[in-house]
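Visitor: Here's a structure for you.
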Amino acid sequence: MHNFEEELTCPICYSIFEDPRVLPCSHTFCRNCLENILQASGNFYIWRPLRIPLKCPNCRSITEIAPTGIESLPVNFALRAIIEKYQQEDHPDIVTCPEHYRQPLNVYCLLDKKLVCGHCLTIGQHHGHPIDDLQSAYLKEKDTPQKLLEQLTDTHWTDLTHLIEKLKEQKSHSEKMIQGDKEAVLQYFKELNDTLEQKKKSFLTALCDVGNLINQEYTPQIERMKEIREQQLELMALTISLQEESPLKFLEKVDDVRQHVQILKQRPLPEVQPVEIYPRVSKILKEEWSRTEIGQIKNVLIPKMKISPKRMSCSWPGKDEKEVEFLKILNIVVVTLISVILMSILFFNQHIITFLSEITLIWFSEASLSVYQSLSNSLHKVKNILCHIFYLLKEFVWKIVSH
């Protein structure tokens, strides 16, 4: 098939014949190739101006053609038919030029050391380059691969092999390091997640416990208030029903209403004492946990939450301004006295100082919260007791003055 392709190749452009024209000497060339030769010669005989001489590129014989030029030469219809049929068929064993459609690579460019087609030589980037036919170029380059291979010595091969092994070892070592880091990441975040999950459960458990304390504090009071309200509703219903009774029935039951009302009036309503939860989890998370290092989270203790009566300002009955001023001053004196006593205890108690100095930062924070809570509750109770005592003392003094 390759030899057959050579028969269909123009000897001038080394491409498949395009519009093949046959000369009187029986040699065939492309029409464009003959026109290029004719234009390049430019020789016209003066004595025979109506004939144009053309020298055959193969046999060098001169042919006189009509003034119409190459168009006057006959077309090689047989060759053109063969070419058309050849181009319609697929030839997978024939390598064609990637730049020129369906043009076979049948010439070897000596300058660029690559196969080219006829169009590459005439109109392409290889125009004017030295060329050689395939067979001749093959014979010249046949021993080239072996000669090039001989340039690679045994030492080079050994070095290359050792380098490959070294690269494989480094790659394996790096992959082991990466795998170890992956396992470390998984283990670290698993432990961190377990710690956070445990802390979360501890917080939720503590909140549930303080929620139970809230229920124990308020639910009985609410039930008692509901009971009193039900009694009052029953009394209101009884009062409405009496309006429809006869005078006799009315007088019999009105005393019952009077007694029930008297009982309800004498039954004191409990004072609503608000409570507060201490410490607040939201404040702990915002102020302490947000500043805690990740590695120290497992060492942070969950505080025990409690409820205590909400601290209220001490109120004084009476409308006399002098009395109020006196009691305010007395209140300041009492608070100052209590503060001095507590500061003295903290200053002179060596055991407390030793305890605070030996405790760690985390334990100190937790202990401080507990101490502050206990101290606050104690101060509040002492203050309320003193207020009550001074209130009774004031009542006693005013009664004596009144008499």
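Even glycines carry a Cβ here, placed using N, Cα and C.
Got these off Swiss-Prot a minute ago, pasting:
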ZN_FING   10-60  zinc finger
ZN_FING   92-134  zinc finger
BINDING   Cys97, His100, Cys120, His126  Zn(2+) binding site
COILED    163-246  coiled coil
TRANSMEM  329-349  transmembrane segment
Visitor: By a 10 A CB contact count over all chains shown, which of the binding-site residues listed here is most packed: Cys97, Cys120?
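Guide: Buried the deepest by this measure is Cys120.
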Visitor: Taking the Cβ of His100 (Zn(2+) binding site) as the centre, count every other Cβ atom within 10 Å, in any protein chain shown.
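Guide: By my count, 17.
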Visitor: Which residues does His126 (Zn(2+) binding site) neighbour through Cβ under 8 Å, counting only same-chain ones at least six apart?
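Guide: Same-chain residues close to His126 (Zn(2+) binding site) (Cβ under 8 Å, separated by 6 or more) are Cys109, Leu111, Asp112, Val116, Cys120.
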Visitor: List the residues in the vicinity of the Zn(2+) site, defined as same-chain residues other than Cys97, His100, Cys120, His126 with C-beta within 8 angstroms of the site's C-beta centre.
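Guide: Once Cys97, His100, Cys120, His126 are set aside, the remaining close residues are Glu99, Gln103, Leu105, Val116, Cys117, Gly118, His119, Leu121, Gly124, Gln125.
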Visitor: Determine the mean pLDDT over the zinc finger (92-134), rounding to the nearest whole number.
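Guide: Averaged over the zinc finger (92-134), the predicted model reaches a pLDDT of 78.
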Visitor: Please work out the helix, strand and coil residue numbers for the zinc finger (10-60) from the DSSP assignment.
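Guide: Breakdown, helix to coil: 11 helix, 11 strand, 29 coil.
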Visitor: For the zinc finger (92-134), what are the DSSP-based totals of helix, strand and coil residues?
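Guide: Its residues fall into 6 helix, 11 strand, 26 coil.
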